[in-house]
Amino acid sequence: MDLGAVTKHSTSHAKPSGLVLQYGTAGFRANAEHLDHIMYRMGLLAVLRSKQTKSTIGVMVTASHNPEEDNGVKLIDPLGEMLAPSWEEHATRLANAEEQDLQRVLVGISEGEAVDLQQEAFVVIGRDTRPSSEKLSQSVIDGVTVLGGQFHDYGLLTTPQLHYMVYCRNTGGRYGKATVDGYYQKLSKAFVELTKQASCSGDEHRSLKVDCANGIGALKLKEMQHYFSQGLSVELFNDGTKGKLNHLCGADFVKSHQKPPEGMEMKSNERCCSFDGDADRIVYYYRDADGQFHLIDGDKIATLISSFLKDLLSEIGEDLNIGVVQTAYANGSSTRYLEEVMKVPVYCTKTGVKHLHHKAQEFDVGVYFEANGHGTALFSKAVEVKIKQLAKELEDNKGKAAKMLENIIDLFNQVADRRVISTTDAERRVVTPPGLQEVISDLVKKYKLSRAFVRPSGTEDVIRVYAEADSQENADSLAHDVSLAVFQLAGGIGERPTPGFC
């Protein structure tokens, strides 16, 4: 390891004085102007991780659903998984090291992880469509090459595509071809096979409106269309030809505001969905005959997929162990439906796909979806197969359970330092600051069929507040009360939360 060359090149990617960032559930994210040194150093880290695992490692340059002026980076482990937790700590330490400490930190990681520095290293790189992404990708390449690593720059990719490339390369092509064409072929073939299992009388040719969040999803879906054109017709909106990335569109906007994105006209019973900026989230929605908007978020998608897979296994006589993994953000009604009606065990983990994935591996068939729409491409295709059936079920079901699924609210409070709040029990209970959990518990008791929790954001200095209750009015009221408690006890800044501020 040529530490002199590392230091020399680092001067071209200098760390801003006083800047401290943490590798969270989504990697590093910040304003793009502050990330050049981060990218260079993650190139260094990717080489060390590749040498240690004797495998290809991925580096994805994206900030997902964040505004266009932000960017970020996350590393992908050998089996297409998120970076191992112990290496997240290395990433944070390396990113925040002052220039004079950079060599020492690199040596510490190498020695602590017993990295064979003579081992070859290979890194694959992808990026989204943000204006800053190409330049920041080059900074990653600088970090890879200075440590003697080899690389392949795939250029513009969705995040799921880069995960696929890493897995294919590390399984000798047994999972698929590590090319964009190989990705399209594998997924389109799976989609066609799944559609054969669906009952779609009178609708052999499906249509779908897709909000692409003005991001990479538009480019890649256009390329992929002809692979499944016989079974699905897609109409793209917010395709990047005008409008800003994630602005008033995309999966996060639709879920947070419970309404369609701008730029898409919806008619009754049309099937619609939204990606986020790097196309690793998807949520579905439609309007019923009365014009009422219905969101099919990750909770409902997971329920749908579980039902679909359970029916298929039942038809072929397979008695496999199916389990659903959720986070604390999952709607309580979906949890009860899965456990009490479908008789499927449900487990709760901390927020983040990596935690869900780890738990899901314990089942023969593990289904995991965050409420925000994070899932896998295979699950997303299964959703498309069953979307008409779910829409009909939701339309027919006007009972209490269906209404409860709508009575949730997810807000955030600006704070000076999100680290003041720590949690336990899969992020459902507050440990610090003292007294906050007791206040939340007392507030929850005031409402029927209610629950609430708070957790620090993984990417910015805000505290996320989640509340649900037996009516939308009560959910709004509970969310406001909890937000006030957070503001008062956790160092809130700016204006105090007011009723209806969501």
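Even glycines carry a Cβ here, placed using N, Cα and C.
The annotation domain 'Alpha-D-phosphohexomutase alpha/beta/alpha' is assigned in TrEMBL to 51-100 (among others).
The annotation Mg(2+) binding site is assigned in TrEMBL to Ser64, Asp276, Asp278, Asp280. Residue density at Asp280 (Mg(2+) binding site): 28 other Cβ atoms are found within 10 A of its Cβ, drawing on all protein chains shown.
Residues annotated as active site, phosphoserine intermediate in TrEMBL: Ser64. Cβ contacts within 10 Å of Ser64 (Mg(2+) binding site), excluding its own Cβ and spanning all protein chains shown: 27.
Model confidence over the domain 'Alpha-D-phosphohexomutase alpha/beta/alpha' (118-167) stands at 97, taken as the mean pLDDT rounded to a whole number. What TrEMBL lists as domain 'Alpha-D-phosphohexomutase alpha/beta/alpha' is 118-167 (among others).
Per TrEMBL, domain 'Phosphoacetylglucosamine mutase AMG1' is recorded for 178-283 (among others).
Marked as domain 'Phosphoacetylglucosamine mutase AMG1' by TrEMBL: 297-415 (among others).
Residues annotated as substrate binding site in TrEMBL: Glu370, Ala371, Asn372, Arg455, Pro456, Ser457, Gly458, Thr459, Arg464. Under a cutoff of 8 A between CB atoms, and with a sequence separation of 6+ in the same chain, the neighbours of Pro456 (substrate binding site) are Arg418, Arg419, Ile421, Ser422, Thr423, Val462, Ile463, Arg464.
Taken from TrEMBL, the feature domain 'Alpha-D-phosphohexomutase C-terminal' covers 434-483. DSSP assignment over the domain 'Alpha-D-phosphohexomutase C-terminal' (434-483) gives 21 helix, 13 strand, 16 coil.
Each residue contributes its Cα atom, and for Glu370 (substrate binding site) and Ser64 (Mg(2+) binding site) these two points are 15 Å apart. Neighbour counts were taken as the number of other C-beta atoms within 10 angstroms of each residue's C-beta; across the binding-site residues Asp276, Asp278, Glu370, the minimum falls on Glu370.
Taking a C-beta cut-off of under 8 Å and a sequence gap of six or more, Asn372 (substrate binding site) has these contacts in its own chain: Ala251, Asp252, Lys255, Arg281, Val283, Asp297, Gly298, Tyr329. Taking the mean position of the Cβ atoms of Ser64, Asp276, Asp278, Asp280 as the Mg(2+) site, the remaining residues of that chain whose Cβ falls within 8 Å of it are Thr62, His65, Asp128, Thr158, Thr159, Gly215, Ala251, Phe275, Gly277, Ala279, Arg281.
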